[in-house]
Amino acid sequence: MADIQADRKGISSEHEHIDPPEKPQHLAGVDAETAAYATGPPVEIDKATDRRLFWKVNKRILVCMVGTYFCQALDKGTLGFSSIMGIQEDAGLDSDKYNWLGTILYIGVLVGEYPTNFLAQKLPVAKYLAANVFLWGVVIACSAAATNFPGLMVVRFLLGCFESCVQPIFIQMTSMWYTRKEQPILTSLWNCRGIMAWGTSHYIGHAIKSWQLLFLVLGVATCVWAVFLAWYLPDSPMKAKCFTEDDKRLLVERVRANETGIQNKTFKKYQLVEALTDPIIWLYVLMQVSSTLVLGGLGVFSNIIIKSFGFTTLQTQLLNIAQGAVTSAVMVGGASLSSWTDQTILVMHLWTMQFIWAEGNLLFSVISRNVAGQTKKSTVLAMTFIAWAAGNATAPQIFQSSDAPRYTKGFTAHFCLYGIMNGTLLVTRWLLIRRNKGKTDATSMAVAENGSPEDIGHSGAFLDMTDEENPDFRGFSIH
């Protein structure tokens, strides 16, 4: 793990004790909880200590994120799984009604996205996440009793509302606990699905259908996981009772060079305006729409398309497991390549675009590492995930029953969307490079005028400045 190289004056090892000093005047604008651990001279963390902290964080944070995303991926995918387990016949769903069940989930996400981003900034993030996970587990379990189209529409809408918090909170947690170098791999370890649906599809009964058992099993398991989250997952490095005071100080210090801060519960109107007027943010929005218009349609229809080739239900589930394995390998490989090269956008353009399922998590990492300022980040997350929900809500409508079984029009639309996504990636990279160059030139000019050494001191890392106003912030993923 790389050392944190930000204006270090002291060196900390595992054997030193660090007392959090009082909050000085120059940190008056910093979040109070953060300031208690961010004061004092910057500290250089040696490799052994950094590695120890990284793995301690993984045991708490990564385990919880992977488990939660596992639950979300399975719960969200229940419609696709149940489509080959008899739900269409049992609930009287024709192709158009089935399309709307795919769409209504993301309308729920669309409705819940802005409120959940606002609440995630204000409330203890781990407890808020656990509450939402528990509620969507209840909704999934109740879905077993929904045996007609109106009932399924209601539970799918509620599922979308409660699940809308997951990706924004994960991005917030990743930037809170991990360095920018580590974030691509972390965001790519969220994806896992398919095994439980394959197991429950063996069941054939009369009192309860196999798809109803799927809903019950996943719902109860999700509720149990939510209780575990509330107990095990800390809200922030400063509130983590599982870490010593020394470690809390070092955990805050190791993310100083991110220049994205940790938390700030004060709403700042100018950051909202900056988010709405930043052209790069709107490119992130366009990338979300173009990618989810592809992924949303495939997520709902892939099982039906595969089964239409003549495969049995179990064979279709096995093929999905193989697809998931390939996707996971490409995700981890792409994230590793991104970390090694610092070229996330080029990796997306040249490598993961060919494996579209693996594209989304790298896009999340680009956003998490290149947006700073808590109000701006909350606004950007709301904008991009509203776009994500809108794309996913519209995507199933691209595949119309009149176009079955080849869906020529749908796949032609997908081909065009690939082109839009690629073009947007390249324009985004060019703008980020230009913005970095402007800041570097300004720093060089100041050095020439003042005769001071050219150095990024990260002194404003926790002052809740945006990526545009912070002179030390440099766009990542493009070096």
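Placed from the backbone N, Cα and C atoms, the Cβ positions cover glycine too.
What TrEMBL says about this protein:
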REGION    1-25  region 'Disordered'
TRANSMEM  61-86  transmembrane segment
TRANSMEM  98-116  transmembrane segment
TRANSMEM  128-147  transmembrane segment
TRANSMEM  153-171  transmembrane segment
TRANSMEM  213-233  transmembrane segment
TRANSMEM  281-306  transmembrane segment
TRANSMEM  318-340  transmembrane segment
TRANSMEM  346-367  transmembrane segment
TRANSMEM  379-399  transmembrane segment
TRANSMEM  411-432  transmembrane segment
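Tertiary neighbourhood of the transmembrane segment (98-116): same-chain residues 76, 79, 83, 88, 132, 149, 152-153, 156-165, 168, 296, 299-300, 382, 385-386, 388-397, 399, selected by CB-CB distance under 8 Å and a gap of 6+ residues from either end. Taking pairs at least six residues apart, the transmembrane segment (411-432) and the transmembrane segment (318-340) share fewer than three Cβ pairs below 8 Å and do not count as touching. Remote same-chain partners of the transmembrane segment (128-147), defined as residues 6 or more beyond its termini with a Cβ less than 8 Å from a stretch Cβ, comprise 68, 71-72, 75, 78, 90-91, 116, 119-120, 154-156, 158-159, 162-163, 165-166, 169, 208, 212-213, 215-216, 218-227, 229-230, 233. Contact counts against the transmembrane segment (153-171), taken as Cβ pairs under 8 Å, peak for 379-399 among the stretches 281-306, 318-340, 379-399.
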